[in-house]
Amino acid sequence: METSVVIVAAGKGKRMKAGKNKIWLHLQHKPIFQHTVEAFIQHPGISEVVLVINEEDYEDMDRWRKSMPYSVILAIGGAERQDSVRNGLEALSESCTHVLIHDAARPFITAEQISGIITKLKDHQAVVVAVPVKDTIKIVGPDGTVQATPARESLWAVQTPQAFPLSLVKEAHQFALEQGKVGTDDAMLVEMLGYPVTIVDGSYENIKVTTPDDLWFGEEIMKRRSEERKRRK
Ligand SMILES: Nc1ccn([C@@H]2O[C@H](COP(=O)(O)OP(=O)(O)OP(=O)(O)O)[C@@H](O)[C@H]2O)c(=O)n1
Ligand SMILES: C[C@](O)(CO)[C@H](O)COP(=O)(O)O
């Protein structure tokens with residue numbers, strides 16, 4: 001089993017309203033995407049890292065890459081997240097058999113969670129990191145009226161990484177492309193092929209940095225972790 005990771009960083013970050021792709025914003029003096037890349041680079045179960053970026057970020061990214069002591073493969077993203085993932089999968093080396101797909105905008109992923117998903121992948125077809133929802137969720141119609149309140153016990157908020165055998169996730173992406181289907185995560189495309197998808201426990205700290213308030217939470221998480229590391233030394 002040779003496991004790689006595709007990290008998608010080719011979004012626009014519109015909800016962040018930073019005037020640039022949010023992955024360049026800093027948390028604890030480092031760009032968000034660099035925290036994410038380093039979580040995987042340092043993991044012994046990961047063989048290669050493909051970082052999917054915007055074409056207009058290429059020059060800056062190439063400069064960043066050359067300044068780092070590790071190797072990252074760059075691929076160019078597409079209009080939607082799904083297109084970026086597909087391009088990233090194409091950039092993986094031939095020896096890759098399994099892949100984790102992760103949002104660059106989730107820099108709080110830990111080594112333990114990466115290990116957990118890789119272990120689970122050994123005897124499951126598709127594995128996603130998720131947490132039980134804490135709020136009561138309501139299905140609301142276009143007129144603002146509540147239509148239903150699904151039982152909370154069965155609701156999970158799905159995060160990344162999501163992990164698959166490479167052949168399966170490539171087949172799912174090809175099927176979606178041909179059928180014009182869009183999934184908000186990669187597992188959804190695998191579900192469309194009828195394969196089971198298994199949950200592995202995530203963390204409420206593994207947030208996707210999406211809106212400006214996430215930067216405040218994120219800074220606190222990073223600060224606390226760095227203080228904990230210093231205390232342990
Ligand atoms: N065409 C796209 C869209 C998104 N992403 C990546 O997918 C992840 C999750 O997307 P999201 O957080 O929604 O990022 P943005 O699309 O950048 O945000 P927004 O929707 O606010 O513009 C991010 O790491 C983002 O860079 C991508 O690689 N290619
Ligand atoms: C894949 C994902 O991170 C799962 O929660 C999420 O769906 C991506 O978010 P987006 O805003 O739809 O790009």
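Cβ atoms here come from the backbone N, Cα and C positions, even for glycine.
The site 'Transition state stabilizer' annotation in TrEMBL covers Arg15 (among others). Long-range C-beta contacts of Arg15 (site 'Transition state stabilizer'), restricted to its own chain and to partners at least six residues apart, with a cutoff below 8 Å, comprise Thr210, Thr211.
Sequence-distant neighbours of Lys22 (site 'Transition state stabilizer'): residues of the same chain at least 6 apart with a C-beta under 8 Å from its C-beta are Gly11, Gly13, Met16, Ile32, Ala105, Val209. Taken residue by residue with DSSP, Lys22 (site 'Transition state stabilizer') is part of a helix. Taken from TrEMBL, the feature site 'Transition state stabilizer' covers Lys22 (among others).
Here TrEMBL flags Arg152 (among others) as site 'Positions MEP for the nucleophilic attack'. Following the DSSP three-state reduction, the secondary structure of Arg152 (site 'Positions MEP for the nucleophilic attack') is helix. Annotation for Arg152 (site 'Positions MEP for the nucleophilic attack'): spatial neighbours Pro132, Val133, Thr136, Ile137, criterion Cβ-Cβ under 8 Å with sequence separation of six or more.
Among the features that TrEMBL reports, site 'Positions MEP for the nucleophilic attack' is placed at Lys208 (among others). Long-range neighbours of Lys208 (site 'Positions MEP for the nucleophilic attack') (same chain, six or more residues apart, CB within less than 8 Å of its CB): Asp103, Ala105, Arg106, Gln159, Asp214.
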Entries of Arg15, Arg152, Lys208 (recorded sites) sitting next to ligand 1, with Cβ under 6 Å as the cut-off: Arg15, Lys208
